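K.L.:
Take this structure, written in structure tokens, and hold onto it; I'll ask about it next.
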Amino acid sequence: MALASGNRLGSARGQTCADASGRVAPRLLSRACSGSPLALGVLACLGAASSVKPHPRLPATTSAASAPLPARGPAPCAAVPTVVTPDNATGVFEELAAGQQRKYIMISGKGGVGKTSLSASLAVKLAAAGHTTLVVSTDPAHSLSDSLAQDVSGGRPVLLQGTDLPLWGLEIDPEEAKREFFEGSGAGQDGEAGGPSAASQVSDFMNRMGMGFVIDQLKELKLGELLNTPPPGLDEAVAIAKVVQFVQAAEYARFSRIVFDTAPTGHTLRLLALPDFVDASLAKVIRLRKKLNGATSVVRGLFGAGESQDEAVEKLELLQQRVRMVKALFRDKTQTEFIIATIPTYLGVNESSRLLQALRAEQIPCKRIIVNQIVGPQQGDAYLRMKMKDQIAALEMVANDPGLRPLRKVIAPMVDVEVRGVPALSYFGNVVWKDVYDQMNQGADRKFFLLGGKGGVGKTSCSSSLAVHFANDGLPTLVVSTDPAHSLSDAFDQDLSGGSPVKITSPLGDELPLWGLQLDPEQAKAELRAVLADDGGKKLNETLDGLGLGVISDQLKDLQLGELLDTPPPGVDEAIAIAKVVQFLKAPEYSHFKRIVFDTAPTGHTLRLLSLPDFLDASIGKLVRLRQKLSAATSAVKNLFSGGQPGEEDVAVKRLEALQASMEDAKAMFRNQQTTEFIIVTIPTVMATAESCRLASALQHEGIPLKTIIVNQVVQANATDKFLTARRADQARALHHLEEDTGPDGLASLQLIKAPLCDLEVRGVPALSYFGNVVWK
């Protein structure tokens, strides 16, 4: 296995393709970037200089791709040397561009395969073909602004500057979606129509009945909170629905093409399931709100609700209509198409195969797959030189960013074959971890390591190699994948699914103290349902009957509160699964594990995962409080007539308390400075480094211990054409693996599009225009 690394971090300076303002100087570009097909292609697409300002979230870049467009738009690209000649089937772009009726194109796949560049380049090409185009990012860790070299955040379509192309960009604002939910749910009504007066009515009524002690048990329930807690993932579902709302409005009717840059696979699968979940959840809340209209003021007072629920119901029903619109849109073959994006590796192809199965199961239209980053036969030493030059800017960002500067820096080489299996991981780990291993190994007897970062930067390879390194050192080690789109089994070439630790075997016969575990979200979800099991509300209804409140009990039973508790929201499964890992590590049979390495999902997913214990702590806390208070109220009523005999303990309360305790353990583990370390994995590109800067800031804000950053896939100075020859052979094996995935639902049934590995980062409209002309033929 040959290596391609060599630049010491931050050692190379100067020689950029941009001036101090971030604008590209064509004369300097042609001199400094001579020999780069991408740079030459950009120059061919450039006209006069423009005054477009650099994207405010990024420093001036060395990439030719950040060059602004001329004011009058790009001239047709001249013939330039191509990095590869894809053997794409003809008519791909013609089909995507045909007709003026609106089409939605969603590009999804494994993290780091270039979805943003592919989406943005397709949007640029569609706009150049005359379509009024909107490119939308639904990834919680946005990269679209970085790719377009213009800020398109804020939750509203932004017209791209410096070009006359009819092209808009939009990064979805999840906070806006949450605000809309709170408005619709009636949060904050307590102090308005009927709030305090309704609550006082409840107290007066109970006191008149001589049952003031019951209201003491009930008044802390805050039942209204059950209506006002948005589930995890609602933000994305509502946000996509909001895009549909945008394009239905008269002012946005002009969009004939909408391209979605989606989050990595696991997140996208969740996104596709969200409309069903949100639709069902909203239906329950709407039904509850409607029934509250006919309830007595006493019952309404328990929810802090005013006399009329009409306005809240109207808002929630509008929200529900939009969510249903998205649900239908995903499955409409005449309007929507999913394109799977992957790279020529076994891990990438296997994940794409699983994604296609999921899309088929959900009846999502998908007929194309694009294999990106293919090393072409014309790429040689000149390509490697350009790649080394282009990575300088990113390495300098890592060295100089205030959030990343204090971290230990690990430079991991780009290798010429895919790192799979224990021997390859052992070799890779010896190269990567040798300089920091002793420091990381110091301290606590048992340590946790979480590796995270942008999709496709090599988190699974890095985490697996670290686990093998610990095991080679004699430390009993468990490596855990929390990514819904698992790659851990592929990395070890061994099935690690099932939700329990599996002993990892080496083909060399070595007896390593190493186990692997892919968290099983479905199993975790089933366990959560068991914890929340309420027999359709039967247990709750029995409790309400026990209160002996007559019509009030009847009305509360009619509200079917149990239904609000029986649907675990998306995202909860992972948090429960992680809590389960933390829990079973406390058990005596797992006490021998000294090192636990987490291979986490891509950035946006990981940030949500780290905040989920807080969400669950709050939501599970409400459920525990609800059960406890109702049980206590029932006991109080029973004691009144039974002479003070203690009431039976609610089994569900015990289960919920245990779950809450494990959540607390997980939350504490994430933040323990002595036992836990988060390691950011990135690659030497400006876009990936910019995302790493944002991730570091978010982790530090959450109080997560962060000490190390790995810059992976660094091309070394001693890399030669032999390195690329080996890469091409390895990629050919992966492409053959794709072609062998036959059958009606296999990858071989899809139209194959091939896209080149570029020697410079694809950023800015000119580079996207050139890249799009190469790919979308």
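Backbone N, Cα and C define each Cβ position, glycine as well.
The active site feature in Swiss-Prot is assigned to Asp139, Asp483. The feature ATP binding site is assigned by Swiss-Prot to 110-117, Asn372, 454-461, Asn712.
I'm curious about the neighbourhood of these features; can you describe it?
P.N.:
The Cβ of Asp139 (active site) has 28 other Cβ atoms within 10 Å, all protein chains considered.
The Cβ neighbour count for Asp483 (active site), using a 10 Å radius over every protein chain in view, is 29.
DSSP assigns Val113 (ATP binding site) to coil in the three-state reduction, outside any helix or strand.
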K.L.:
Asp483 (active site) to Thr116 (ATP binding site): how many Å between their Cα atoms?
P.N.:
20
K.L.:
How many Å separate the Cα atoms of Thr116 (ATP binding site) and Asp139 (active site)?
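P.N.:
Checking the Cα atoms of Thr116 (ATP binding site) and Asp139 (active site) gives a distance of 10 Å.
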K.L.:
In terms of DSSP three-state secondary structure, what is the assignment for Thr460 (ATP binding site)?
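P.N.:
Assignment for Thr460 (ATP binding site) reads helix.
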